[in-house]
Amino acid sequence: MKHIRNFSIIAHIDHGKSTLSDRIIQICGGLSEREMAAQVLDSMDLERERGITIKAQSVTLDYHSKDGQTYQLNFIDTPGHVDFSYEVSRSLAACEGALLVVDAGQGVEAQTLANCYTAMEMDLEVVPVLNKIDLPAADPERVAEEIEDIVGIDATDAIRCSAKTGVGVPDVLERLVRDIPAPEGDPNGPLQALIIDSWFDNYLGVVSLIRIKNGSLRKGDKVKVMSTGQSYNADRLGIFTPKRVDRDVLNCGEVGWLVCAIKDILGAPVGDTLTLTRNPAEKSLPGFKKVKPQVYAGLFPISSDDYESFRDALGKLSLNDASLFYEPESSTALGFGFRCGFLGLLHMEIIQERLEREYDLELITTAPTVVYEVITTNQETVYVDSPSKLPALNNIEELREPIAECHMLLPQEYLGNVITLCIEKRGTQTNMVYHGKQVALTYEIPMAEVVLDFFDRLKSTSRGYASLDYNFKRFQTSDMVRVDVLINNERVDALALITHRDNAQYRGRDLVEKMKELIPRQQFDIAIQAAIGNHIIARSTVKQLRKNVLAKCYGGDVSRKKKLLQKQKDGKKRMKQVGNVELPQEAFLAILHVGKDSK
């Protein structure tokens with residue numbers, strides 16, 4: 001056991017952790033030259049296209065150290081994006097140490113900080129690494145100071161390397177073996193294994209990634225899932241080298257995969273503990289804190305025949321992604337679908353794209369909303385995650401919206417722009433600290449504003465230099481109203497949105513103008529209105545298409561013309577009574593972009 005090292009890499013997006021992991025795999029000979037591909041561990045097509053890591057992956061490598069010993073390195077890759085921070089905490093729970101990779105040109109960013117604190121809270125050994133020293137803009141001295149100043153760990157002897165060229169990577173491995181402690185645990189005790197991640201394989205059923213804390217697990221053992229109490233047979237187990245390799249036994253301290261032919265998706269929840277049926281452990285390992293979704297949106301299949309396969313797809317995806325929440329929902333405009341909860345907008349996009357790609361579905365998304373806390377007039381507290389569930393205005397005592405605490409790190413010269421943006425988003429400043437040329441800002445901003453487009457706007461006002469980390473702080477009373485959209489005097493539930501009263505007027509106007517461009521012209525006038533309760537705040541009309549009925553009259557008598565025009569008018573009136581309007585998918589997406597271009 002003393003030759004096992006379990007570690008993961010923490011870094012901000014684009015600081016080079018996937019490239020560094022490629023190099024480590026290469027040095028340890030995990031893959032032959034032919035099989036080496038850039039970003040070996042980003043196995044999802046989506047991950048490769050966007051160049052981000054979404055899912056945690058694991059690899060077991062043998063490293064021949066300079067002291068003549070052979071060490072087994074278990075390396076768990078983690079994502080860097082703010083929406084996937086819960087993935088990071090799961091990966092870290094299985095490790096004893098972490099490499100903190102910082103770009104020597106860019107310096108410390110908010111996300112690095114957040115993940116680094118998570119690692120420190122779990123008492124992991126954090127080893128700082130300065131990457132990209134081959135770049136002309138690299139300034140390792142300054143960045144080392146920043147690490148000490150902002151993160152507060154000793155970085156005087158931080159390793160300098162360039163994952164791209166391979167310089168300094170062997171030093172990283174030596175330092176790993178030296179500084180990161182070996183796993184602790186009792187090899188002869190009862191088995192306790194932590195489920196770090198699970199995913200669904202069409203042939204094998206549920207595959208779980210596990211870390212053995214105590215005891216050992218052999219092929220053919222009967223294992224028990226501690227939360228459900230159900231027993232399964234350990235059919236196959238092994239390690240990733242990144243390829244799946246079968247083994248007969250997983251020893252104490254190792255990280256590997258396990259297949260128990262579990263067909264039920266909820267059979268092995270992430271964060272659960274496995275133990276042996278014949279010699280069970282007394283208590284389960286501390287799991288992970290449940291993540292609360294911050295953003296909710298309705299997802300509906302375009303054709304209602306897809307509903308069943310959509311439900312199965314969501315089930316399989318939620319196994320792989322513990323933070324995805326969903327419940328059935330029906331809408332008069334869109335039929336049957338699901339209300340889904342996500343961690344942020346990127347998470348929502350990724351899930352929608354994965355559903356469309358991996359499961360071949362066509363989906364419509366409604367506008368994302370956050371969860372509001374409503375105190376009704378008879379003093380009940382209700383949580384509302386969709387505008388259609390909001391009680392009538394006269395039943396609401398007070399409406400509270402979620403406030404997010406946003407930590408931003410940015411260069412001084414962009415401070416003015418960022419503060420202006422935060423004020424526009426109804427934020428209040430709680431803290432501001434200068435670290436050299438960087439400024440650490442803390443603002444409390446309503447979650448609805450953060451979720452909408454705050455991240456994009458922050459990046460654009462600061463030319464991409466500012467970085468953001470946010471978490472839910474509390475609910476706060478606020479003057480929020482529901483803006484309904486009426487098309488030909490009928491409410492369309494899927495288009496409603498909840499917004500602050502001050503913004504309601506112009507968001508309503510913006511929305512009806514956008515809808516006017518997107519709804520195709522019909523044979524009759526279509527009135528699009530935005531309303532708060534019964535009070536109409538904005539209206540626009542999609543003009544009808546009409547045939548020139550007078551074309552065949554030539555000279556003709558005026559009464560003849562009047563008769564023809566009146567006949568056309570009556571016909572249009574009749575059409576309007578029975579006609580209904582087809583809304584294109586773009587119309588639903590219009591809400592997502594309300595207020596984005598106009599500012």
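Cβ from N, Cα, C; glycine included.
What Swiss-Prot lists as domain 'tr-type G' is 2-184.
Other Cβ atoms within 10 Å of the Cβ of Ser18 (GTP binding site), summed over all protein chains shown, number 25. Ser18 (GTP binding site) carries a helical DSSP state (H, G or I). Annotated GTP binding site per Swiss-Prot: Asp14, His15, Gly16, Lys17, Ser18, Thr19, Asn131, Lys132, Ile133, Asp134, in sequence order.
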Non-local Cβ contacts of Ile133 (GTP binding site) (under 8 Å, 6 or more apart, same chain)?
-> Ala104, Pro140, Arg160, Cys161, Ser162, Val167, Gly168
